[in-house]
Each structure stands twice: as structure tokens, then as C-alpha cells.
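Here is the structure we will look at.
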Amino acid sequence: MGLLDAGITKHNVLITSVDNVLNWARLSSLWPMGFGLACCAIEMMATNASNYDLERFGIFPRSSPRQSDLMLVAGTVSMKMAERVVRLYEQMPEPRYVLSMGSCSNCGGPYWEHGYHVLKGVDRIIPVDVYVPGCPPRPESLIGGLMKVQELIRMEQIGISRADALKKLAEKSVDPRVVIEEERKALRA
């Protein structure tokens, strides 16, 4: 009975160490490709400026989908543009992540009800990992979303699907409204 005969289990020391090294390398060198379509693209460009210095997080923007592992969809996705979004997503190598930035790409924005030409959320055509709300969201919000993507990468394991990792991340997230309400109750008591 050698090491290979024993089989690979979820809690194997070797696999756990490999998971940690791979995840550290992925989250420390995140290469996003911006797909700016409207107002949110201006905030995305501001985030890439020297004021916020994304390179300190290991985030270096790329212009080719074949070199990127994160797609930032920012702005209103029209029906004509949807085909191009899917094509770019399919050209990205695995593992690939998608961050939807702003109300328009999250749910259609102000055009959701009467805009027949607007897609009611980019998640209808490609899987989205992290949503950043706002119209348009501030650069700080985008940085928070990028850090959520890094948390998601940190939690990935060999043999565990991304859907399970997303569930774990959602369980760890704290709703600020709950924290404020708990603090109010503590002050009243």
C-alpha cells in the first residue's frame, strides 16, 4: 500500500497544501479584463488610477480575455452586446470569475422595466460570482468586490464546486443592518 494506492481524500495533507499554494498564487495575481459599457466604466477607470493603486492587491488589468482570469462587466448590457460578452467569457481560461458592477449590469438598472433592448442582468447569459451594487458604484465598492473575489479564490478546494464555496462565503458575510440593529439593542439594554 503506497501513497497512490490510498487514494485522494478531501482532508489529505498534500492536497490541502497544494490548495493553499494554488489559491495564494491565484488571489495574489488577479488579472481582470474590464468590459466597460456605460457610466460604471468611468468609476472602473478611476479605480485603476494611482489614487487607489490596485497593484498593491496584485491586481493588474489586462486587455485580452486570453490573459485574464476575471471579467469586470460594468454598465448597461444591451441585447446586441450580450453576444460579445458571452464570446469574451468563453475565450477566458479556467478558472475564470465574473464581477458584475453597477445596477445596470446587475439587474438592468433604470431600464429594467421599459427597456426592451437592455438585458435584465448579465447573470442571464454568464455566471456571475460577485455583484457590486450602485449607480455607479464608487471605486471603494469595486475594491470591496475585488476583495470578495479574492476571498472566494482563497476558499476554493480541489474536489469542491464553486457553488459550495459561494455558499460558504455567503454564510461568512455579515449584513451591516443586522450589526447596527444588534448594537442598538445592546445600547437600549
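The backbone N, Cα and C atoms fix where each Cβ goes, glycine too.
Remember, it's a predicted structure, so these values are computed and weren't measured experimentally.
The [4Fe-4S] cluster binding site annotation in Swiss-Prot covers C39, C40, C104, C135, and the record cites sequence analysis as its basis. Sequence-distant neighbours of C104 ([4Fe-4S] cluster binding site) (same chain, 6+ apart, CB under 8 A from its CB) are L37, A38, C40, G75, T76, V77, P110, Y111, V118, C135.
The Cβ neighbour count for C39 ([4Fe-4S] cluster binding site), using a 10 Å radius over every protein chain in view, is 17. Other than C39, C40, C104, C135, the residues of this chain whose Cβ falls within 8 Å of the Cβ centroid of the [4Fe-4S] cluster site are, in sequence order, A38, A74, G75, T76, M101, G102, S103, S105, G109, G134, P136, P137.
With all protein chains in the displayed structure included, the most crowded Cβ environment within 10 Å among the binding-site residues C40, C135 is that of C40.
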